[in-house]
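Visitor: To start, I am sharing the structure in question, which I have written as C-alpha cells.
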Amino acid sequence: MNAHTLTVHWHDENQPVYSVHFQPNNFSSSDSTRSARLVTTGGDNNIRVWELEHDVKGSSKSEAPVSIRYLSTLKKHTQAVNVARFNVNGDKIASAGDDGSLILWSLLEEIIKEFGDKDDDMLVESWKADKVLRSSTSEIYDLAWSPDSRYIITGSMDNIARIYNVSSGELVYSLSNHSHYVQGVCWDPRNEYFATQAADRSVIIYKVDHVNNAFTPLVYNRVIRWDIPTDKDLLIMRTCYLYHPETLQSFFRRLTFSPDGSLLLTPLGFYKATTNDQEEATTNTIFIYTRAGFKKGPVCHIPGLKKPATVIRFSPKIYELQSGDDGHTTMPFKLPYRMVFAVATHDSIVIYNTEDMKPMGHVTNLHYSNITDCTWDLNGETLVISSADGFCSVVNFNEGVFGKILYDVNIEPEFWKQYETKKEEETGPIKKSPSKKTKQESPALSKKESVVPSKKMSILDKFIAKPLSIDMFTASFKESKETVTDTVTDTKTVTDAKSDKSESITESSSNKKKRRITPTLLTTTSLVPP
C-alpha cells in the first residue's frame, strides 16, 4: 500500500474539495498504464472532470507513478458544490450544492469553448447541463442515484429528503421525517430500499414499493436509540443515542450500502460503555445493519476510531473468503464472500473487510483539514480521498492484496441469480412518531403497507441468521481498539498533531446556516508536542 497527496490545482484559489467520485465503467488498462475518469466538486462553485492515470510499466501497481489530467470544468452552480455523482452507466453526472439546485449533466460529442474563459483553453471534453431542478433554496448536502438511473434522492438543510424523476425532472416525493439537516443519502443497489441520515441523530430506512409500476417510498424503520450494555454483564442494558448530535463539526454523514445490498453501514456513531455511575468510556464507531434486520437496530459496530467517521465507501469488487467457506463463525452475520470498505474519519482512512471486520490498513497525516469524501476505482486497487484543505490524495494497493476477486458487481449482474431463493414474508412498516412538519409525507405514515411475498429474496435471508444484539462486539472493544493502533500504515506527510480536545463545538443548534471555514496551515513547530 502506498499513499501520497496529489499536488494539483484542483479548484480555484485552493477552495475545499467537497466530493470525489470515479466513473463506474470508464476504466482502461494495459501493460504500461491504467486510467479512470474522476469528478470533483469544490467551494469555487465548479465541478471538474479529471483522468487519473497510473504508469505501471516496470513497477508494482502500488508504487506506480500517478498523473492527473484535466478534462473539463462544469459551470452552472452559483454557490459551493457539495456533491457530484456519476450514474451507474457512467454517462451522466448529477451535482448539487449550496444554491439548492440539482443539475443533470451529459457528455457532448464535441468540445464547446467560451470566449475569454481560461479553463476552456485546456478543455479535452465538454459536458452540457440537461436539466436544472430546484424545489427549495436550501443547501443540498448529498445525493444518490437509483441503480436503474431513473431517480435521484437528495438531502437538504431544510430537513427534507427529495426524490426526483430523472427523465421528467419532476419532484416525486418530499420526505420530511427528519427534524434536522439531512447530511447523507444512499440507495440500495438492488433497488428495494434507500436510507437517509441526519443531524437529528437518526437513520431512516425506506422500502420502495414497485407495485403496479408505481414508485412509492414507505418508511421501514427509524433508528435513533438502541439498547446497549452498561458494563461487561450483557444482561444489564440501557437505551442510548447511537449517533453524534448536530453540534459535531461535520458537513456530511455519508452512509452506504454494500455493493451486494446485504449491509448498511452508517457513520458518526458513538458508543458509551458505562462501568459504574461515575465513569463512562466513549468511543467513536460505525454501526452495521443487515438486510434481513432492517426493521431492527444495528447488529454490531466497529469501535476504536480516534475521531468520528464521516464517510464510508465499499470497493466494487467481491472477494473470496480468506478463511474458507466455514470461516468467521464469531461474526453476527455470515457471507459466502468478503467485501472491502474504507472508513474516513476527520483525519484518517481505515480499511476493513466484512469477513472479520478487522482493520487491514490505516492511512493518516495526509491533509491539513478534514477529509470530506473518498471513492474507489472500478478495479478496487485505487482509493482517492478529498479534503477541505483543497487537495486530494491517492492510496494505491497491490494487485491481490485483498484476495482473489470473485465478481465485479458493476459488470456481472448474473452474479446474484445463484443466491436467489424463496423469500420469507415480511411485516409492514413501523408507524411514524408525531412530527411538526406539514409538508408532503411518505404514504406509509397514514396507512399500513400491503406486502406481497416474493419468490426472490435478499442474499442475507439465506446466509445470515437472525440479527444478534449489538452487545456481541462490546467484549472485544479494547481488543479492536488496540488492533487499529498496532496495524497502522502511517504516511508521514505531515507531523501528527497531538490533541485531546473534544470534536464537539459549542455553536447553538438553532443557527441553521452552514459555516465555511478556511483551513489554517499549521507550522511544523506548532505540530510537535512539547
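For all residues, glycine too, the Cβ spot is worked out from N, Cα and C.
Unlike curated entries, TrEMBL annotations are predicted automatically.
Quick paste of what TrEMBL says about this protein:
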- 493-504: compositional bias 'Basic and acidic residues' (COMPBIAS)
- 518-530: compositional bias 'Low complexity' (COMPBIAS)
- 422-450: region 'Disordered' (REGION)
- 481-530: region 'Disordered' (REGION)
- 74-107: repeat 'WD' (REPEAT)
- 133-174: repeat 'WD' (REPEAT)
- 175-216: repeat 'WD' (REPEAT)
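Structural setting of the listed features?
Guide: For the repeat 'WD' (74-107), the list of distant contacts is 15-16, 18-19, 21-26, 37, 39-49, 125-145, 147-149, 152, 154, 156, 164, 166, 169, 251-252, 373, 410, 514, 516: same-chain residues at least six beyond its ends, Cβ to Cβ under 8 Å.
Within the chain, the repeat 'WD' (133-174) has long-range Cβ neighbours (under 8 A, six or more residues past its boundaries) at 79, 82-83, 85, 87-89, 92, 94-104, 180-191, 194, 196, 198, 200, 215, 217, 251-252, 254, 437, 439-440, 442, 512, 514.
Per DSSP, the repeat 'WD' (175-216) is made up of 3 helix, 21 strand, 18 coil.
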Visitor: Would you mind giving the whole-number mean pLDDT across the repeat 'WD' (133-174)?
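Guide: Overall, the repeat 'WD' (133-174) comes to a mean pLDDT of 95.
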